[in-house]
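In what follows, a single structure is set out as structure tokens and then discussed.
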Amino acid sequence: MVATNRCCVFALLFALLLVHSLTEAGKGKEILGKIKEKIIEAKDKMKAGWERLTSQSEYACPAIDKFCEDHCAAKKAVGKCDDFKCKCIKL
């Protein structure tokens, strides 16, 4: 009889542990979902900022000539940085 009661107690504890684990796993998914949303939001902001910067290459011209070249290539021209300004020369 004592062995049967121990089995019931262990089965009850195991069931409670299982329910608790499943509950915590659900909370973990919520937290991971929120983190994933924030990462996606940050990625979108960085991508939009990068596109804005490359579309206005004169802001990056003193630092990186490649921005000016890419900006002017989109306009089918040759780009050259001159005194903090990107100048596009049509061919």
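Note that Cβ sites are derived from N, Cα and C of the backbone, with glycine treated the same way.
Bond annotation: of Cys68, Cys72, Cys88, only Cys68 is listed by Swiss-Prot as forming a disulfide with Cys86. Per Swiss-Prot, the cysteine from Cys7, Cys8, Cys88 that shares a disulfide bond with Cys72 is Cys88.
Restricting the disulfide-bonded residues Cys68, Cys72, Cys88 to those with a CA within 10 Å of the CA of Cys81 (disulfide bond) leaves Cys68, Cys88, listed by sequence position.
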